[in-house]
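Student: Structure provided below as structure tokens; questions to follow.
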Amino acid sequence: MSSSSSSRIHNGEDVYEKAEEYWSRASQDVNGMLGGFEALHAPDISASKRFIEGLKKKNLFGYFDYALDCGAGIGRVTKHLLMPFFSKVDMEDVVEELITKSDQYIGKHPRIGDKFVEGLQTFAPPERRYDLIWIQWVSGHLVDEDLVDFFKRCAKGLKPGGCIVLKDNVTNHEKRLFDDDDHSWTRTEPELLKAFADSQLDMVSKALQTGFPKEIYPVKMYALKPQHTGFTNN
């Protein structure tokens, strides 16, 4: 989430291993989940709620039955964003200790569904289960090929009319940047748009996060639908 200084290409498995090590060491609280930027929590959740409400008004997904939180950690987004909207929420994270901590952070709530402990590079959401798949501040850990493959698997996880939302930092530099601390890339918007196209996803809505400090790279939200649904870009 922070600034980075490199655009080097890395071996995927090496990056995944080091990223998992980084998050395994993170403090198991909101500050840890936000990389030391706890003050981002309130404006982040507020903007995300507005984005979901906007998607509803545009009829970009039909129901609020089932959502999936990818890179859920202790459940910050699950608890404060998805549970207020959806009847059931599944969680995914590569670090088992963080998923386990969610029992304390959220509590034993009947609206929490399955908890998947697996990296996104191999994770396949259950097919045709979700009205919304939310992917926040985690896509930068995937190399390009794995990101596209993951998006394709997410599309299969959607119910008819379902929607994927990607929320992540976007660099204004000409090339992506690599963060040597958490081992993630901050991609350019053209790179993200190419990944959407390669995944046969249409971008049906997008928004810029507001209220963040200037030293944070811009954060954007993209709503995506499989191309066969017939929606066009907004």
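Positions of Cβ are set from backbone N, Cα and C atoms, glycine also.
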Student: Of GLN136, GLN200, which one shares the S-adenosyl-L-methionine site with GLY71, ARG76, ASP93, VAL94, VAL95, LEU120, GLN121 in Swiss-Prot?
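Tutor: Within the candidate list, Swiss-Prot flags GLN136.
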Student: Which residues does GLN121 (S-adenosyl-L-methionine binding site) neighbour through Cβ under 8 Å, counting only same-chain ones at least six apart?
Tutor: GLY12, TYR16, LEU142, VAL143, ASP146, PHE150
Student: Measuring CB to CB from GLN136 (S-adenosyl-L-methionine binding site), give everything in the same chain under 8 Å that is also at least six residues away in sequence.
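Tutor: Correct list: SER48, ASP69, CYS70, GLY71, VAL77, VAL165, LEU166, LYS167, ASP168.
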